[in-house]
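Here the structure is laid out as structure tokens; the discussion comes afterwards.
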Amino acid sequence: MWARAVRLRAAARGRRGFTSKADSQGSGRVTGELIQHLERLSLVDFGSQEAVARLEKAIAFADRLRAVNTDGVEPMESVLEDRCLYLRSDNVVEGSCAEELLQNSHRVVEEYFVAPPGNISWSKLDEKQPFSHR
Amino acid sequence: MLGRTLREVSAALKQGQVTPTELCQRCLSLIRKTKFLNAYITVSEEVALKQAEESEKRYKKGHSLGDLDGIPVAVKDNFSTSGIETTCASNMLKGYVPPYNATVVQKLLDQGALLMGKTNLDEFAMGSGSTDGIFGPVKNPWSYSKQYREKRKQNSHSENEDSNWLITGGSSGGSAAAVSAFTCFAALGSDTGGSTRNPAAHCGVVGLKPSYGLVSRHGLIPLVNSMDVPGILTRCVDDAATVLGILAGHDPKDSTTIQDPVKPFTLPSLTDVSKLCIGIPKEYLTPELSSEVQSLWSRAANLFESEGAKVIEVSLPHTSYSIMCYHVLCTSEVASNMARFDGLEYGHRCDNDVSTEAMYAATRREGFNDVVRGRILSGNFFLLRENYENYFVKAQKVRRLIANDFVNVFNSGVDVLLTPTTLSEAVPYTEFIKEDNRTRSAQDDIFTQAVNMAGLPAVSVPMALSSQGLPIGLQFIGRAFCDQQLLTVAKWFEKQVQFPVIQLQELMDDCSSVFENEKLASVSVK
């Protein structure tokens with residue numbers, strides 16, 4: 001497992017140069033693979049080695065929750081869980097403000113927001129256009 | 001006039017001793033003079049003057065809209081304001097002009113309040129110093145106060161006076177500074193983990209976090225949907241109650257607001273606290289707590305006791321885990337809430353048009369700072385399928401334990417909890433930036449975030465000045481939806497401690513007469 005992790009890191013290093021060290025702060029769990037995965041999911045990049053280190057610290061911090069015994073405890077999603085949520089009736093009471101809303105966008109054509117093509121996955125492009133990290 | 005309370009000014013307006021336009025002009029002039037504080041991102045001068053004109057017409061006819069008519073207020077820049085740029089101190093929303101008003105903003109405007117401007121904050125309200133926005137950090141007005149400067153001279157610090165200015169705390173630092181420096185009578189902040197109470201304590205003003213569900217979040221750019229609450233910053237508890245009375249209530253546009261009817265209220269002046277039970281949570285006595293805050297906390301407890309209240313030590317056993325729990329839940333919800341910023345419909349958009357994903361990624365890289373990106377990435381880590389149970393759901397379970405801790409304490413007869421708000425007084429900026437945002441937030445939110453997780457109301461009331469001449473505030477925590485009771489206790493406390501007024505004479509040459517003890521003859525306040 002260790003060897004595999006090392007190979008992954010070496011591969012990642014070629015592309016990005018960010019890896020994580022297994023140190024007392026984190027458990028070395030932030031592998032190159034994880035970095036790519038998180039960047040892809042979040043569509044934001046780490047940007048630097050410090051950011052990776054900060055994630056490790058954040059994980060180590062969160063790990064301390066394991067010490068709490070939560071057997072039989074239900075997760076709490078909202079402090080208002082004992083009340084009924086209010087839903088409005090399904091009637092149109094406002095709207096017709098398309099022009100106003102379109103004004104906030106940088107790229108519109110008539111009443112459409114213009115988006116670039118959506119069927120190109122990001123990671124493939126990455127190989128051609130490496131991120132310029134600050 | 002600017003040093004008066006909201007109620008007093010409102011009375012003065014009704015009696016014609018001052019006009020809304022005069023008030024507006026004075027505040028605008030003060031905003032200009034205190035520009036170096038960097039409390040405001042946008043000063044909506046024309047809007048305010050126009051509103052003042054209309055308010056004046058109403059007063060002339062004797063048809064004032066209420067206590068807030070003609071009163072200058074400021075709003076934190078993460079509340080949507082129609083026609084006025086709303087940036088959240090981020091490149092992502094720079095230049096963004098919302099097409100609607102947040103409900104709380106609308107309520108203020110409907111009452112005739114004058115919108116002075118949008119105040120500075122940490123980017124997307126993430127931070128505890130108001131130092132991490134794109135418009136720069138906010139300076140604490142107390143850095144320039146006579147009280148602080150005299151103490152520094154005594155300690156013979158020979159450095160340049162301005163280089164060691166203090167932070168306001170965060171993330172609603174701009175709002176706190178605006179109120180503290182008399183540029184407005186009330187300001188809106190937001191409170192997710194203490195973002196209203198923390199700067200209130202550092203700037204010597206009252207910071208109220210209402211119960212979750214009492215005040216509408218519609219139009220407040222969300223951080224953590226299950227914990228965010230609009231916060232109120234004022235110079236006295238009565239003013240906070242006045243504003244709360246106007247803002248509270250069900251909003252059909254926010255389904256997390258409760259439907260119970262809410263009416264504006266006046267706080268009674270307590271004279272007898274013997275029926276009150278004050279709880280002191282023992283776990284809040286941490287080693288990091290400064291000795292000055294600790295001694296003030298003790299003094300406050302003794303004060304209640306000496307006046308006949310029952311003061312008991314209570315336990316909130318899961319306190320030491322609450323900051324980690326908050327950290328997981330906060331970053332997870334943030335990761336989800338920040339996903340809406342993709343550059344398509346509003347906000348910043350990069351020049352890359354190769355593919356949607358590439359465009360989103362570049363837009364978000366350009367738009368968000370390190371802090372925001374860090375939280376998004378952490379949040380997405382906790383939400384990964386393999387981590388969901390162990391981190392996110394685990395944190396939700398711990399949240400219930402923490403909320404139950406409070407329920408148990410309140411069920412045992414305690415009316416109000418008394419705790420510190422911050423670990424110490426405001427620190428110099430140069431000191432603050434030695435640690436990163438995440439570390440600082442984890443340290444500074446320690447007394448405040450558990451309240452957000454339980455959805456309870458809490459208020460920070462300034463108590464006294466530290467040995468350096470800087471404000472220290474204490475926090476009162478109440479039962480859910482018992483905001484009125486909470487504020488009643490806070491008001492009693494405020495009257496007992498008589499926190500001094502900030503002396504900013506050196507800055508306000510021609511306004512100095514304002515801060516001396518004026519007695520407005522025949523101002524009758526109901």
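Positions of Cβ are set from backbone N, Cα and C atoms, glycine also.
Just so you know, TrEMBL annotations are computer predictions that nobody has curated.
Annotated features in TrEMBL:
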| type | residues | note |
| --- | --- | --- |
| DOMAIN | B:33-145 | domain 'Amidase' |
| ACT_SITE | B:Lys76 | active site, charge relay system |
| REGION | B:147-166 | region 'Disordered' |
| DOMAIN | B:166-487 | domain 'Amidase' |
| ACT_SITE | B:Ser171 | active site, charge relay system |
| ACT_SITE | B:Ser195 | active site, acyl-ester intermediate |
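In this structure, the CA atom of B:Ser195 (active site, acyl-ester intermediate) is 5 Å away from the CA atom of B:Ser171 (active site, charge relay system). Restricting the average to the domain 'Amidase' (B:33-145) gives a pLDDT of 95. Rounded to a whole number, the distance between the Cα atoms of B:Ser171 (active site, charge relay system) and B:Lys76 (active site, charge relay system) is 10 Å. B:Ser171 (active site, charge relay system) falls within neither a helix nor a strand when secondary structure is assigned with DSSP, and so counts as coil. Helix, strand and coil content of the domain 'Amidase' (B:33-145), in residues and according to DSSP, is 39 helix, 19 strand, 55 coil.
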